[in-house]
Amino acid sequence: MFQIDRKKLRYFDYTLFLSAIAISILGIITIYSTANGAIFAKRQVVWVILGIVGMLIVANIDPRHIKRNAWIFYLVVLVLLIFVFARGMLSHGAKRWIAISFIHIQPSEFVKIAVVFLLAAYFDENPKTEPYTMKELLYPMVVVLLPVVLIIKQPDLGTAIAVLVIALSMILISGVKKSLVVKATIAALVFMPFMWSKLKPYQKDRIMGFLDPYSAPTTYGYNTIQSEIAIGSGGLWGKGLHHATQTQLSFLPESHTDFIFSVFSEQWGFVGCFFVIGLYLVLLYRAFVIAKSAENDFDRLVCVGIITYLWISIVFNMGMTLGLLPVVGIPLVFFSYGGSSTITAFFAVGVLLSVGLRSKT
């Protein structure tokens, strides 16, 4: 299963492969440039190397093996989520990590891919020419909502939203009745006041900080304001590496994770941002090309789920740094510091490479 077929090398999507690595290298450099970022950069190098090795291994696995083991992967991740509540590490008021020596594992990151595999397997094994009914969607809904509820309890609203959007994209692509979509939308609007009442105080503050950050510039609006200052002060060409005042003077919070794009923007300006966004567009374009060439529903749906996962990370993270979206703590894929998120991202690209190879050989 892991033996490399040299004939496949000419069909390997080197553009997708290299764009992911290029973004990761820029991420490491940016992490290193943050205040006290050397230790995080060294760790990120390890995660990236492990991620690349994992990506190459997964790229050589037939997607059919992934489909057969989708349930196992899902259950393992679910057990890890449950374990978080029993032995999870508390940090910043949230239990999201499992500590094993100096390694911190965040199972909620793995949920994004586990849900993609299981939903793709379900719709592939239950094909329909007519749209799916509510009854037929009960199984996918349970599969998605079970980990989502556990993630919300951590609490980690950003990841929960990401998983829901990923699942929704796959369900819509598979086909549902328009009336069902309308009913679901109305139900969501009706329940909004209830959902608002269940949010944690800091989660409400983040939403208020998005709506009007300057009404409380020293509290819930602080992160957004400092991020906007960092991005704006970068100008056209940026201030250069290690010369970003917002970062070096520690005005910018979570500079190596949630607001890594703000750091890069201040250092390299609009030109640098344009270059990074270009790399992300290349990444997404190659993913779309692979999805279009997929030879069966499972491969196609897996690609849709992974594309949505990448898109959410890019748009949500950049959106919150620009003040266009609430701060929800979604890392910038391949760029932000984090072992679980980095390995998950490379694993996802490995699956895309596998689907691409299968469609051409």
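Just so you know, glycine gets a Cβ as well, placed from its N, Cα and C.
Here is what TrEMBL records for this protein:
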TRANSMEM  12-32  transmembrane segment
TRANSMEM  44-61  transmembrane segment
TRANSMEM  70-90  transmembrane segment
TRANSMEM  96-120  transmembrane segment
TRANSMEM  132-151  transmembrane segment
TRANSMEM  157-173  transmembrane segment
TRANSMEM  180-196  transmembrane segment
TRANSMEM  268-289  transmembrane segment
TRANSMEM  301-328  transmembrane segment
TRANSMEM  334-357  transmembrane segment
Positions whose Cβ lies under 8 angstroms from the transmembrane segment (334-357), at least six residues beyond its ends: 8, 11-13, 16-17, 20, 23-24, 26-27, 30-31, 40, 43-44, 46-48, 50-52, 54-63, 66, 103-107, 109-110, 112-113, 256-258, 260-261, 264, 276, 283, 286-287, 289-291, 293-294, 299, 302-303, 306, 309-310, 313, 317
Using a Cβ cut-off of under 8 Å, list the residues of the same chain at least 6 residues beyond the transmembrane segment (301-328) that approach it. 63, 66, 112-113, 115-117, 119-120, 123-124, 157-158, 161-162, 165-166, 169-170, 173-174, 206-207, 209-210, 213, 223-224, 227-228, 231, 258-259, 261-262, 265, 277, 280, 283-284, 287-288, 290-291, 294, 336, 345, 348-349, 351-352, 355
Sequence-distant residues near the transmembrane segment (157-173) by C-beta distance (under 8 Å, 6 or more away from its ends) are 108-109, 111-112, 115-116, 119-120, 123, 132, 137, 140, 144, 147-148, 151, 181, 199, 203, 301, 304-305, 308-309, 312-313, 316, 328-330
